[in-house]
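Peer 1: Take a look at what TrEMBL says about it:
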DOMAIN    A:28-139  domain 'PurM-like N-terminal'
BINDING   A:Asp30, A:Ser45, A:Asp75  Mg(2+) 4 binding site
BINDING   A:Asp30, A:Asp75, A:Asp209  Mg(2+) 3 binding site
BINDING   A:Asp47, A:Asp75  Mg(2+) 2 binding site
BINDING   A:Asp47, A:Asp123  Mg(2+) 1 binding site
BINDING   A:His54, A:Asp260, A:Trp310  substrate binding site
BINDING   A:Gly122, A:Asp123, A:Arg147, A:Ser211  ATP binding site
DOMAIN    A:151-299  domain 'PurM-like C-terminal'
BINDING   A:Asp212  Mg(2+) 5 binding site
Number of protein chains: 2
Amino acid sequence: MHSEFELITRFFTPDPPGAEAGVTLGVGDDCTLLAPTPGQRLAVSVDTSVAGIHFPEDAPAVAVGHRALAVSLSDLAAMGARARWCLMSLTLPAADDDAWLADFARGFHALCDATDTALVGGDVTRGELAIGVTVMGEVPPAQALTRSGARPGDLVAVTGALGGGAGGLALWQRGERDTGHPLLQRYLHPLPRLEAGLALRGLASAAIDISDGLLADLGHLLEASGVGAELTPDTLPLAEGLVTALGEEGARQAGLHGGDDYELLLGLPPDHLDEARARLAALGLALTVIGRFSDRSGVQGVTVTGDRGWQHFSGGVAP
Amino acid sequence: MHSEFELITRFFTPDPPGAEAGVTLGVGDDCTLLAPTPGQRLAVSVDTSVAGIHFPEDAPAVAVGHRALAVSLSDLAAMGARARWCLMSLTLPAADDDAWLADFARGFHALCDATDTALVGGDVTRGELAIGVTVMGEVPPAQALTRSGARPGDLVAVTGALGGGAGGLALWQRGERDTGHPLLQRYLHPLPRLEAGLALRGLASAAIDISDGLLADLGHLLEASGVGAELTPDTLPLAEGLVTALGEEGARQAGLHGGDDYELLLGLPPDHLDEARARLAALGLALTVIGRFSDRSGVQGVTVTGDRGWQHFSGGVAP
């Protein structure tokens, strides 16, 4: 076993150390010192990814590193916050594997670089493989996108496409290992919609990221906003290749219940739709209206039978 | 298994929600929004405590909750930072135990209250018992206590008493279960020296917390400061009851190498000693000079044989 210090130095020291924006004292002291932007709110969140529960134990290390950060950054995206910093708690089995660690670090750092997120601290312990990532971002006080702002009459809209996470997981479980397959790409390398979150400041009335499945996360948003919704399920934007992979009904179920998509689910006043679409189009991202919020509680337009909550890797969509 | 939401709501929602200082949006949205104090640096650190490695699997739940937060807060203390907020990643075995969780939460929240630290986020996953705690504190830019400021001629000083963590662990391993025993108390309920860290702003030239053992952590401080040290081991302030529990030589070894004490190890210019002692005395805490920093590299005055790094629970002091 490497010592904690050696591991952190070898794989997790930014290069050059301390050169990241807003970091006034870098990794290597008791704490890292950061300089928050005056007048901004600090948005914080933590997510832990456990092998065999949140991702398959044989997932590529580069994807494990990417996903562990992506799922946390997705929470910043859903607040309309700009990503700034992150800390990582890495729990590793006793058996070392330098090649695995190097790939894991590559996936993690590549997403740090792509999203301007500085890794500013962490620790390494022994145990079952798990990665906890705390993210910190910034947002002006009045511009945060919360779950509680949806009003009756607002449109229900989603970024990008749905069901890709579930489709990719299904393919992985069938033995597909071509990581270039679009659905596997969606599952293994989800992209947190940070730029979309920034673009939607001042336009969206509410936002949540779709990690547990469209209907589950819609439920959280409805509860926080105290409203209901009427969906038009035929309008769901399904991920490319999903019908081919899962069939018509499987694709529909994946779109409604599949998790791990990390798209944004939005409340949007109708007169903001054109501007929101234009801004997201400039980012290469579709915005699809899938229904409307109402003052009638619950979700109309979709028949849901049984418990279909998303179980991430451990169970897929419940039957 | 409780759902994550139910668990967080039952055991980890501050009461009343959102009423904590500096929290503008509390637990329950994608992120928590915080209002950092203008002009301060944000000090951040994360530590993960794993059952069977960092604490015995049969440790009292209230102590597990306390210690998980204490070890992270200790890093803020060592920076001279004021504790503000924390986030917790809780990994729990599949088998639920409401009584255990209630006790765990009691220990965690009690230390939150005692240190004015607000729990502002977290997640719950299934797996081997582990608790990751990210802490955030604040310190004025020029007043942070770093590891790198010790200069030749400065005194080497420690707060409180040493060896209590190792002594308590040894008693626990022998079957002692009277948690009122002073050494068990030291091991199970270590107190992060936050008030001491604040009091030492402007006085100490360097600081680190003693989590891995005096000599190991002194080594980190010497490396960061680019100096050496001459110790006077007979002056080590040993924890109450340590000689009785471990014998003369065992107590000496615990003082030099035992970890989990969470006292502060300091560099102190000699003309700051009286003021530092007075301020710590006002907190009920001793400050003991145990040597002097020098320009001769390494540690003089102590004979160290073999690898005596502290292994927390998994191995005690290496032979």
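A Cβ is built for glycine as well, from the same backbone N, Cα and C atoms used for every other residue.
In TrEMBL, annotation is done automatically, which means it is predicted and not curated.
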Peer 1: Using DSSP with the three-state reduction, classify A:Asp209 (Mg(2+) 3 binding site) as helix, strand or coil.
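Peer 2: A:Asp209 (Mg(2+) 3 binding site) sits in a strand per DSSP.
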Peer 1: Assuming the binding residues for ATP are exactly those in the record, A:Gly122, A:Asp123, A:Arg147, A:Ser211, what is the maximum CA-CA distance in angstrom, rounded?
Peer 2: 32
Peer 1: Look up A:Asp260 (substrate binding site) in the DSSP assignment and reduce it to helix, strand or coil.
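Peer 2: It is coil.
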Peer 1: Calculate the distance in Å between the alpha carbons (Cα) of A:Asp260 (substrate binding site) and A:Asp75 (Mg(2+) 4 binding site), and round it to a whole number.
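Peer 2: A:Asp260 (substrate binding site) and A:Asp75 (Mg(2+) 4 binding site) have their Cα atoms 12 Å apart.
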Peer 1: Tell me, what is the mean pLDDT of the domain 'PurM-like C-terminal' (A:151-299)?
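Peer 2: Overall, the domain 'PurM-like C-terminal' (A:151-299) comes to a mean pLDDT of 96.
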Peer 1: So which of the binding-site residues A:Gly122, A:Asp209, A:Asp212, A:Asp260 end up next to chain B, with Cβ to Cβ under 8 Å?
Peer 2: A:Gly122, A:Asp209
Peer 1: Reduce the DSSP letter at A:Ser45 (Mg(2+) 4 binding site) to three states and note it down.
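Peer 2: The three-state answer is strand.
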Peer 1: In Å, rounded, how far does the Cα of A:Asp47 (Mg(2+) 2 binding site) sit from the Cα of A:Asp75 (Mg(2+) 4 binding site)?
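Peer 2: Roughly 9 Å, rounded to the nearest whole number.
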Peer 1: Spatially, which candidate from the binding-site residues A:Asp30, A:Arg147, A:Ser211 is nearest to A:Asp123 (Mg(2+) 1 binding site), comparing Cα atoms?
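Peer 2: Result: the closest of the binding-site residues to A:Asp123 (Mg(2+) 1 binding site) is A:Asp30.
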Peer 1: Of the binding-site residues A:Asp30, A:His54, A:Arg147, which one sits closest to A:Asp209 (Mg(2+) 3 binding site) when you measure Cα to Cα?
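Peer 2: Of the binding-site residues A:Asp30, A:His54, A:Arg147, A:Arg147 has its Cα closest to that of A:Asp209 (Mg(2+) 3 binding site).
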Peer 1: With DSSP assignments reduced to helix, strand and coil, which class does A:Gly122 (ATP binding site) get?
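Peer 2: Its secondary structure by DSSP: strand.
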Peer 1: List the Cα distance (Å, whole number) between A:Asp75 (Mg(2+) 4 binding site) and A:Ser211 (ATP binding site).
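Peer 2: Rounded to a whole number, the Cα-Cα distance is 9 Å.
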Peer 1: Do you know offhand how many angstrom separate A:His54 (substrate binding site) and A:Ser45 (Mg(2+) 4 binding site) by C-alpha?
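Peer 2: Pair distance, Cα basis, whole Å: 17 Å.
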Peer 1: Distance check, please: Cα of A:Ser211 (ATP binding site) against Cα of A:Ser45 (Mg(2+) 4 binding site), rounded to an integer number of angstrom.
Peer 2: 14
Peer 1: So, three-state DSSP: helix, strand or coil for A:His54 (substrate binding site)?
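Peer 2: Assignment for A:His54 (substrate binding site) reads coil.
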